[in-house]
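Colleague: First the structure, then my questions, so here it is.
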């Protein structure tokens with residue numbers, strides 16, 4: 001059991017956060033005249049004209065007016081109203097601030113309001129200081145500040161006709177209120193109304209950031225949104241509407257005054273019963289006496305929680321209709337009724353989880369859930385079936401999101417589901433029993449949250465701290481012989497693992513194709529063979545082999561997933577592949593003993609190596625020898641097929657037979673003996689060089705065959721076909737097996753053709769290429785092999801490999817056959833078997849309504865496509881030995897030529 005027992009009350013109070021020193025008082029600074037009177041006078045004159053309506057009068061009258069305006073400014077900021085430009089006054093005048101005046105007679109904010117409760121906004125021009133996603137997130141968070149304390153709803157729009165338009169501009173920008181360069185006015189906004197009404201302008205000469213350096217966009221935007229709603233500047237330094245910028249604002253960005261002001265301005269409109277507003281005197285952080293009496297004691301010995309989740313920089317604990325908010329950067333805890341903070345949620349919260357990459361929390365009550373961004377509850381509650389639950393699931397007990405795996409786990413009674421947030425589907429094979437994955441968690445889970453590789457399970461008043469890294473340790477123990485060291489001299493203590501040993505085993509994984517630590521979780525999730533990747537297991541201690549080169553086999557049990565003849569055909573093709581590469585003969589027997597016995601089983605099946613259910617381990621096999629020696633076991637919980645759906649029996653059987661013949665795992669990703677699954681068709685398929693060398697080292701070369709080692713494909717053979725094609729740096733690049741050809745698109749060098757191994761140009765792509773496509777506008781190409789892809793620029797891999805499932809493919813897709821990008825529509829077509837998917841490169845998502853049959857939309861083409869590329873406005877699709885030129889506008893084939901004519905044949 002890998003859990004640590006804690007107290008739920010202790011956990012609330014001991015949530016990590018930096019300490020804050022006790023407040024200290026700074027020495028008072030004496031006001032004194034400035035040593036640079038003319039500079040200060042110019043500064044003050046410009047400041048008072050901008051913000052206090054100082055007029056350009058005659059000299060004598062101007063002096064009196066100047067002093068009066070200085071006094072107005074000093075009074076506004078709570079200074080001693082002397083009319084003199086002392087150091088405190090000048091310090092305030094030099095401070096970065098909002099560009100909206102502080103007095104009503106010159107202000108563009110006249111206390112007007114929007115005559116509706118739904119307000120649209122858009123971001124028209126962005127700053128270069130921050131990524132667009134950060135700008136969008138900051139603006140959305142600023143909107144959420146006001147939405148969370150009012151009955152207003154804000155909707156993002158993609159047009160310039162929105163009520164509030166956000167622009168980053170400099171100097172004179174068309175509104176008669178030019179900016180003044182770095183420092184000074186950071187931004188300004190207009191009050192509600194037509195035209196420029198509500199619009200917000202940010203000075204792009206400032207340095208915009210999302211942190212404490214420069215000008216924090218979120219803080220400034222929150223202030224300007226107040227103006228866009230009709231609020232004026234406040235004299236209260238604690239108010240968000242205070243004119244001067246604060247680099248370190250309080251955690252509660254809105255003061256009590258701000259909440260009261262916006263609610264006073266937006267009193268309920270007649271006919272809008274859903275326009276729920278707070279009392280203008282209500283402070284959500286200070287519960288009233290009634291709620292305080294009903295509030296559960298968070299440190300009571302029997303205290304339990306209904307749900308826990310991260311929400312931005314805070315952790316929120318729910319119990320009944322109350323919540324506690326623990327800020328991760330502060331030491332205080334705020335508490336009160338849920339409706340004080342989230343007026344739309346008038347029920348208890350049963351489960352909650354946070355997805356950081358979306359900055360979104362999901363709060364669940366019975367069969368419904370709310371989406372929360374910032375402090376804003378978005379829209380109406382949705383049905384729990386949105387996640388893919390069966391109809392009989394009407395509630396969940398707890399939920400938690402694991403960032404590294406991209407999965408959200410939902411717990412109900414003694415079972416749980418795993419939801420893939422990237423693909424937005426439930427993982428197959430669920431629900432599973434909680435105790436199988438989380439040993440030691442033996443009763444109903446009340447709440448859960450994830451932090452720093454641990455899941456904290458709340459079971460009644462107790463907390464179980466579960467070590468997620470144990471999943472890695474279990475994997476290393478099972479497949480890489482990680483040994484646990486007994487640190488107790490008497491042999492009674494718990495076993496631990498040494499960090500160097502774990503790191504050494506991680507390096508072993510890297511030798512099996514893991515190039516970067518970021519893909520460790522993906523690598524461990526890949527379906528694979530159950531035989532370990534190292535040789536110090538009982539499978540292969542002495543590198544055994546069959547003494548007799550005539551080997552018998554039988555099929556003890558069939559799978560119901562396939563017809564018997566399809567099972568036999570797949571196994572026969574796998575056996576033939578090995579007999580073609582070595583002097584081996586395989587004879588089937590139906591009765592009595594056999595050297596190799598094929599069987600399908602699930603879970604515990606009598607060999608001390610139980611299967612783990614769907615996915616994970618697909619099959620395992622034993623070394624040559626007596627008893628179980630040579631036998632092959634397939635996990636019946638998998639879906640076995642003779643094609644691409646589910647798992648190809650031929651591909652897995654061919655791999656396991658390598659073990660039955662005495663081979664261990666290969667480090668070559670293109671080899672059949674590589675440990676993880678990759679779809680392979682039984683015809684045609686040739687063993688990789690590493691496989692051939694291995695089997696021939698054990699059994700020798702076949703006597704009646706020549707040229708057993710794979711050679712470079714003969715490009716001018718009449719049946720030659722391509723694996724993939726793409727346009728890379730003005731060259732059409734064709735791929736076949738482990739080789740590539742490059743043909744220039746320049747007419748003067750059209751006949752120039754280069755040929756080389758793929759590894760010569762793309763060493764990171766250490767396997768044959770299944771598909772490829774290019775986006776000329778970006779100067780990039782995308783290379784696919786199995787479930788992985790690489791980004792290529794100028795014939796160099798620009799990034800580490802990523803998963804094809806980031807595109808949104810279902811789990812049934814194991815590899816891509818072909819791909820082509822149509823830049824006129826911003827779409828990429830992916831061909832898989834007899835169907836194709838359409839991917840929107842701008843919105844980064846699959847288009848709805850796909851996949852569709854190829855022959856439905858691509859008239860004149862074969863059922864399957866091997867490769868595709870776009871050149872001179874036409875799409876060329878390669879299938880078998882032929883090349884089809886397709887006119888995408890007319891949706892028809894206009895020309896057919898031999899495929900290898902592209903290589904000069």
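Any Cβ shown, glycine's included, is placed from N, Cα and C.
Because TrEMBL annotations are produced automatically, they should be read as predictions rather than curated entries.
Worth saying up front: this structure is predicted, and the values here are computed from it rather than measured.
Features from TrEMBL:
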BINDING   529, 655, 659, 665, 673  Zn(2+) 2 binding site
BINDING   561, 638  Ca(2+) 1 binding site
BINDING   595, 629, 631  Ca(2+) 2 binding site
BINDING   605, 607, 620, 633  Zn(2+) 1 binding site
BINDING   772, 819  Ca(2+) 5 binding site
REPEAT    346-391  repeat 'Hemopexin'
REPEAT    393-441  repeat 'Hemopexin'
REPEAT    766-811  repeat 'Hemopexin'
REPEAT    813-861  repeat 'Hemopexin'
MOTIF     527-534  motif 'Cysteine switch'
SIGNAL    1-21  signal peptide
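Tell me what's around each of these sites.
Modeller: DSSP classifies residue 665 (Zn(2+) 2 binding site) as coil under the three-state reduction.
Annotation note: residue 561 (Ca(2+) 1 binding site) sits in a coil segment as assigned by DSSP.
Taking a C-beta cut-off of under 8 Å and a sequence gap of six or more, residue 631 (Ca(2+) 2 binding site) has these contacts in its own chain: 596, 597, 598, 599, 621, 622, 660.
Of all Cβ atoms in the shown protein chains, 13 besides its own fall within 10 Å of the Cβ of residue 607 (Zn(2+) 1 binding site). Under DSSP, residue 607 (Zn(2+) 1 binding site) is assigned to coil, being neither helix nor strand in the three-state scheme.
Spatially close to residue 772 (Ca(2+) 5 binding site) yet at least six residues away along the chain are 724, 725, 726, 733, 735, 781, 782, 783, 784, 819, 867, 869, judged by Cβ distances under 8 angstroms.
Remark: secondary structure over the repeat 'Hemopexin' (766-811) totals 4 helix, 21 strand, 21 coil, with classes taken from DSSP.
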Colleague: What whole-number Å value do you get for the CA-CA distance of residue 529 (Zn(2+) 2 binding site) and residue 620 (Zn(2+) 1 binding site)?
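Modeller: One finds 6 Å between the Cα atoms of these residues.
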Colleague: For residue 595 (Ca(2+) 2 binding site), what residues in its own chain, 6 or more apart in sequence, show a Cβ-Cβ distance under 8 Å?
Modeller: 546, 551, 552, 553, 624, 629, 630
Colleague: Going by a 10 angstroms cut-off between Cβ atoms, which of the binding-site residues 605, 659 has the sparsest surroundings?
Modeller: 605
Colleague: Counting every protein chain present, what is the number of Cβ atoms, excluding its own, within 10 Å of the Cβ of residue 819 (Ca(2+) 5 binding site)?
Modeller: 30
Colleague: Given the recorded Zn(2+) 2 site (529, 655, 659, 665, 673), which additional residues of the same chain have their Cβ within 8 Å of the Cβ centre, ordered by sequence?
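Modeller: Result: 531, 621, 656, 658, 663, 664, 666, 672, 674, 675.
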Colleague: Nearest of the binding-site residues to residue 673 (Zn(2+) 2 binding site) by CA-CA distance, picking from 561, 620, 638?
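Modeller: Its closest listed neighbour, by Cα, is 620.
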Colleague: Most Cβ neighbours within 10 Å: which of the binding-site residues 561, 638 is it?
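Modeller: Per the Cβ count, the most surrounded site is 638.
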Colleague: Between residue 620 (Zn(2+) 1 binding site) and residue 659 (Zn(2+) 2 binding site), find the distance joining the two CA atoms and give it rounded to the nearest Å.
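Modeller: Rounded to the nearest whole number, the Cα-Cα distance is 8 Å.
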Colleague: What does DSSP give as the helix, strand and coil breakdown of the repeat 'Hemopexin' (393-441)?
Modeller: 4 helix, 21 strand, 24 coil
Colleague: Given residue 561 (Ca(2+) 1 binding site) and residue 633 (Zn(2+) 1 binding site), what distance in Å do their CA atoms have, once rounded to a whole number?
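Modeller: Just about 15 Å between their Cα atoms.
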Colleague: For the Ca(2+) 2 site given as 595, 629, 631, which other residues of the same chain have their Cβ within 8 Å of the site's Cβ centre?
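Modeller: Residues close to the Ca(2+) 2 site, other than 595, 629, 631: 594, 596, 597, 622, 624, 625, 626, 627, 628, 630, 660.
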